[in-house]
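Quick look at what TrEMBL annotates:
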type: DOMAIN; residues: 62-185; note: domain 'Nose resistant-to-fluoxetine protein N-terminal'
type: SIGNAL; residues: 1-21; note: signal peptide
type: TRANSMEM; residues: 194-220; note: transmembrane segment
type: TRANSMEM; residues: 309-328; note: transmembrane segment
type: TRANSMEM; residues: 348-375; note: transmembrane segment
type: TRANSMEM; residues: 395-413; note: transmembrane segment
type: TRANSMEM; residues: 461-483; note: transmembrane segment
type: TRANSMEM; residues: 490-513; note: transmembrane segment
type: TRANSMEM; residues: 542-560; note: transmembrane segment
type: TRANSMEM; residues: 572-592; note: transmembrane segment
type: TRANSMEM; residues: 612-635; note: transmembrane segment
type: TRANSMEM; residues: 656-674; note: transmembrane segment
type: TRANSMEM; residues: 694-713; note: transmembrane segment
Amino acid sequence: MRRSVVLPSLGLLLLACSTNALNSAFDKETLGMQVMLTNWNSNESIHTLITEIENQIPMNTSRECKTAVHQWVFDLMMKKPYSLKMVDAFGKLPSGVGLGHILIFGDFDQCLGVRNVTGTGEPVSNYCLARMRHPGVARAGLPVLPAYGVCLPLACANQNDTNAFVTGLFRPLKAAEELEAINSVCVFKVARDAGFYVMVAIISLILATVAAAIVVDLIYRRRYEEGNHAVLNGTDQSLELPQVTGTKVVSHGNGTTLTTHNFESKQVITKSKYGYANVPMFLKPLLCWNFMTNLRSIFASGNEGDISFLHGFRVLSMWWIILGHTYYFGRNFFENTLTFYGDVRTAMFQIVLNAGYAVDSFFLLSGLLISYVLLRDLQKNNGRLNWALVYFHRWWRLTPVYLYVMMMYVYILPHGFQSPFKLLIAQEGAPTEYCKSYWWSNMLYINNFFPLFKKIQCMNWTWFLALDMQFFLITPILVFILYKSRVAGMAIIGVIITACIATTMGIIGYYGLPIHFWQEEYYNATETGYHKDIDYIYEKPYTRITPFVIGVLLGYIFVTKEAHKFAGNSRLMGLVGWAVCTAIAIPLIFGFHFNEWYIEKPPQRMTIGGRVVYGGIQRLGWSLVVGWVLFACQYGYAGPVRRFLGSRFWRPLSNLTYGAYLVHMLTLQLYFASQRHMVYYSPLNMTAIFLSQLVLAYLVALKLAVFIEVPLLRLERLLIRKSL
């Protein structure tokens, strides 16, 4: 039997057609399993066939693998169903290779579902994924190596045998002589280590605590009348209360006046609230996990002194971040990558491309709120501040929830799914494994500095939290200086902004950096010391602090300046402010499109001088845009914008912002990495994915808030203020 007929009997041709992506000619002799079976001469000795196959199996496969392949091919000749299913599960040439469809997975689930013929139901095959290396791929400049999925006997399901088998599988094709399979990974079961069982214990403890809180709540909860806090009998109370219906002032000649009131008895339905009576001290911490109380606090209308329009602004900024991450992370999974990069050049896509500005919006909001709260506390307490409590509250507000999500990410999420993409991720190095080495840098909020290389950061989207905490460390001091001396405080803020801009410009100029982080994978600079896996400006405090300190200044203005101070020329000031705001925002968001600075092109298309200026002032410009919007809302220049942002609809979503930020990348990774095939990119498809991820992220954040975030804040209040 001819060599080119036997090898396709293993399904090679059904896979090997993928060499068209390397501009190879189609080998008409490799017609696949069906042709092989049709042309099989029943008079030939099966021993001759096996001898031929034995000669073709790569000599560097293990003895066990060779034996398993012999049996598999023998059963294939006998047309046994399990052997046919294995061949059918091999990857086959897809359409759209020219558009970037170079990850050829085959049928993942069918391969894992193949069972033996003895009736025991045990699996006989495993799914393996190999990367294909070829000089033509290197010359094409593809960002990733093509991948190829095969369904092999269990004895061959290891890296060495899979590499050898797949390499040998393609050898008969003339254009595949230099094709080599590397970095093969087969489906593996994630071991349940100690961390997994610790997380199961923690989750069980939380659920048990919630159940206990419900019992305590049912026993000790009482209803009381709003106003006098008298414990009532559990029903709304109808009270006859005297109501003032009129007032009469009588003047007397001696200079005295007498004020008289007319009273009318009127029935008033008083609203009642729930409270607790005689709860033992040791049971009070349990009530912090009262499910319904925590849920009501998330949907509460708000507290006195809240700046209502910030809620809408915070939520929309969070949505913008999720939108940007959906595209940025999802682009690794698109089968029509070239179509995607064609859309990147459109004007509307610049909104997605510049979602990073939403991070600057968050920095500004953070600075504003911290400054606003601290200044009001200083005013209330005559310039005194409990410094230890300020720092502890910030740490307590962020860290326990952060640690819980990290542990879920590391010890629970890997057990949640299996897929070809999970194998691809394992080939590059599982991100969850990095957390086991560098979790401490996240807990110390220095993960934007350590580890040095971005690819091995733990939860690499949480660099924002590191920066926010680093900014917070200096904020109470800066606010205290502002409180004591406005001139000194503003001078320090001015120096910080100037130093930040100068530092950013200097780093961009020295390394010749691109101004957009999407360009980094296309940037092969030769400047001194540059390494594209090291972050230089995007995650560093000395290049990102400008929006934060502008927010601190804005918070100072909100506390110290009444609305009437700016009411003199309100119409003119509003028109000028919005005009300037628009004039700055449009170039920042759409400047790439107008100047054809496309992200998939080398950054050198923009001169080094242009990159220095643009990169240095872009965050200052965006801070001025956001600062004006918030200033206008506070002082009456925003009209419908304030009404929209101040809607009560936003508040519950705003309360879930921190949780949504922590978990949205987990839900995105879970969705994309669990796919069995590459995702077809289209604006409509991506809109559906974005909206579904938005809902999913907030649902997970709601659970996180009810069971972890809010209870811990209530526990802090109980311990410090002795109140729930």
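Here the Cβ of each residue, glycine as well, is placed from N, Cα and C on the backbone.
Sequence-distant contacts of the transmembrane segment (348-375), counting only residues of its own chain at least 6 positions beyond either end whose CB sits under 8 Å from a CB of the stretch, comprise 307, 310, 313-314, 317-318, 320-321, 323-325, 327-328, 385, 390, 464, 467-468, 471-472, 475-476, 479-480, 482-483, 516-518, 544-545, 547-556, 558-560, 588-590, 592-593, 599, 619, 622-623, 626-627, 630.
A contact between the transmembrane segment (656-674) and the transmembrane segment (612-635) is absent, since fewer than 3 of their C-beta pairs, 6 or more residues apart, lie under 8 Å. Between the transmembrane segment (309-328) and the stretches 194-220, 461-483, 490-513, 612-635, the greatest number of Cβ pairs separated by less than 8 Å involves 612-635. Pairs of Cβ atoms less than 8 Å apart link the transmembrane segment (542-560) most often to 490-513, out of 194-220, 461-483, 490-513, 572-592, 612-635. Same-chain residues lying 6+ beyond the ends of the transmembrane segment (194-220) with a Cβ under 8 Å from its Cβ atoms: 276-279, 283, 286-293, 404, 407-408, 410-412, 415, 707-708. Within the same chain, residues 325, 359, 362-363, 366-367, 370-371, 374-375, 378-379, 383, 385, 387, 390-391, 394, 398, 402, 442, 445-449, 489-490, 492-493, 535, 539, 541, 544-545, 548-549, 552, 556, 661-662, 665 sit at least 6 positions outside the transmembrane segment (461-483) and bring their C-beta atoms closer than 8 Å to a C-beta of that stretch.
Break the domain 'Nose resistant-to-fluoxetine protein N-terminal' (62-185) down by DSSP state and the numbers are 55 helix, 26 strand, 43 coil.
Proximity of distant same-chain residues to the transmembrane segment (694-713), defined by a Cβ-Cβ separation under 8 Å and at least 6 residues beyond the stretch ends, is recorded for 206, 210, 288-289, 291, 294-295, 297-298, 319, 322, 396-397, 400-401, 404-405, 653, 655-660, 662-664, 666-667, 671.
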